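**Student:** The structure is given below, and queries will be raised subsequently.
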Amino acid sequence: MLHRRADLLRSIRHFFHERGVLEVETPCLSRAGATDPAIESLTVTLPEASFWLHTSPEFPMKRLLAAGSGDIYQIARVFRAGEAGRFHNPEFTLLEWYRVGFDHHRLMTEVDDLVRGLAGDRLSRPAVRLSYQQALMDHAGIDPLHADVEALARRARALGLDVQGELDRDGWLDLLMSLVVAPALPADGLTFIHDYPASQAALARICPDNPAVAERFELYWGGVELANGFHELGDGVEQGVRFEADNHRRRAAGQAAVAVDHHLLAALAQGLPDCAGVALGVDRLLMCLSGCDHIRQVLAFDWERA
Amino acid sequence: MAMYSTNEFKSGLKILLDGDPYAIVENEFVKPGKGQAFNRVKMRNLKTGRVLDKTFKSGESVEAADVMDTDMQYLYADGEFWHFMMPESFEQYAANEAAVIDAMKWLKEQDMCTVTLWNNVPLSVSPPNFVELKITQCDPGIRGDTATGGTKPATLETGAVVKVPLFVNEGDVIRVDTRTGDYVSRA
């Protein structure tokens with residue numbers, strides 16, 4: 001497995017070298033962090049201040065893009081508190097890249113090229129692209145853009161899901177996506193789910209033709225979520241509003257607020273080139289490529305032994 | 001009252017849900033990269049034995065069930081309760097029929113059993129894996145009778161009926177595996 005991992009990293013670097021995408025490195029430890037309420041950062045306390053360990057290298061990479069770096073990629077060790085399980089290790093390897101002038105559809109094609117090139121005959125069918133709305137209608141029998149909380153909860157119960165705890169609308173959607181849709185996706189193929197509900201836009205643009213959805217996609221190999229990509233939001237003011245809204249939701253849920261990255265907002269104000277970016281979980285990709293069913297099988301030392 | 005958060009969930013953990021004690025059999029952490037995390041849990045109701053699938057929103061807390069496995073000596077039955085004793089403290093516990101229902105046909109006075117206590121009341125009783133019991137009734141074996149597969153039924157002193165080889169006789173003490181109900185050997 002050590003050799004497989006080394007081969008995979010070499011192949012990824014070769015892929016981007018061939019395409020003229022520049023490898024970069026950005027800080028793991030920052031004065032600002034990810035505000036996303038669904039992601040908990042680890043903090044490191046130094047004499048001068050508390051720092052956040054990055055959960056993805058997205059913000060500093062966007063600062064490089066705004067400064068004119070052009071196409072860039074990074075293979076980074078990232079950290080997410082409390083995420084441990086069959087497909088999660090609190091410290092893991094993320095491949096993240098940005099393509100100037102791409103939209104999310106063109107980037108999906110490139111993700112497909114990369115993964116297909118690595119997979120060889122492990123993938124026996126061509127990748128499928130499915131809108132989020134279609135995916136939930138086909139596999140969970142409900143329209144995610146129009147159903148209200150009660151309808152989603154009823155549908156989940158009808159599908160045999162017995163849930164303990166209060167969920168909001170996006171919580172029910174996440175439940176149906178993770179526990180109903182994902183397991184039903186074809187095991188021997190890639191599925192791109194795109195155009196997420198605007199409420200789950202994260203750092204993606206809202207679709208200009210349809211304000212109900214955001215230009216965001218996720219890649220699944222079978223039922224395993226491998227990557228998340230955006231046609232990147234370049235509007236610094238809107239991004240600032242979303243960060244504040246995240247922190248508002250964090251405080252309402254009893255989570256600590258996270259320092260907003262003002263360097264990023266300043267860079268967006270300067271102008272982010274039109275671009276699309278994606279983050280892909282390298283450990284999970286290695287699991288899929290080698291047929292492993294627990295993340296510990298692809299790590300030299302997993303969390304329990306770290 | 002002790003609480004467990006979902007991030008402490010692991011197999012074997014005893015929790016209380018809707019007033020019933022459960023043991024977690026399996027726990028899987030499921031989380032979309034940008035979304036709500038869940039724990040998919042398989043858990044066994046310790047009163048009924050039924051296994052249930054439940055999905056917890058991660059971060060939820062549940063009450064711990066005060067459930068403990070203890071080794072106790074079986075003393076006697078009084079017709080309504082089955083009485084057990086802690087060997088060191090001589091503390092006695094009375095179990096009702098529901099708690100001993102699976103174990104009662106193997107219970108012999110003086111034998112050590114595992115008694116599962118919930119809030120200090122016996123919830124279930126497991127007999128030792130192997131017990132040695134006397135045959136109180138069985139027919140003499142007839143040589144060459146292969147129609148019954150070379151075995152015959154024997155009633156033991158506790159009332160249990162097990163299949164024994166033809167050469168075993170009334171009055172013999174035999175060793176039985178209580179998990180399967182199978183004859184093992186003559187003691």
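Even glycines carry a Cβ here, placed using N, Cα and C.
When I checked TrEMBL for this same protein, it listed these features:
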- B:69-123: domain 'Translation elongation factor P/YeiP central' (DOMAIN)
- B:131-186: domain 'Elongation factor P C-terminal' (DOMAIN)
- B:Lys34: N6-(3,6-diaminohexanoyl)-5-hydroxylysine (MOD_RES)
**Student:** Sort the residues of the domain 'Elongation factor P C-terminal' (B:131-186) into helix, strand and coil with DSSP and give the three counts.
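**Tutor:** For the domain 'Elongation factor P C-terminal' (B:131-186), the helix, strand and coil counts are 0 helix, 28 strand, 28 coil.
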**Student:** Can you count helix, strand and coil residues in the domain 'Translation elongation factor P/YeiP central' (B:69-123) using DSSP?
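**Tutor:** For that range the per-state counts are 7 helix, 27 strand, 21 coil.
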**Student:** Going by DSSP, give the three-state secondary structure for B:Lys34 (N6-(3,6-diaminohexanoyl)-5-hydroxylysine).
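**Tutor:** Reduced to three states, the DSSP call for B:Lys34 (N6-(3,6-diaminohexanoyl)-5-hydroxylysine) is coil.
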**Student:** Looking only at the domain 'Translation elongation factor P/YeiP central' (B:69-123), report the model's average pLDDT.
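**Tutor:** Mean pLDDT, the domain 'Translation elongation factor P/YeiP central' (B:69-123): 90.
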**Student:** For the residue listed as 'N6-(3,6-diaminohexanoyl)-5-hydroxylysine', just count the other CB atoms lying within 10 A of its CB, please.
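**Tutor:** So the number of other Cβ atoms within 10 Å of the residue listed as 'N6-(3,6-diaminohexanoyl)-5-hydroxylysine' is 22.
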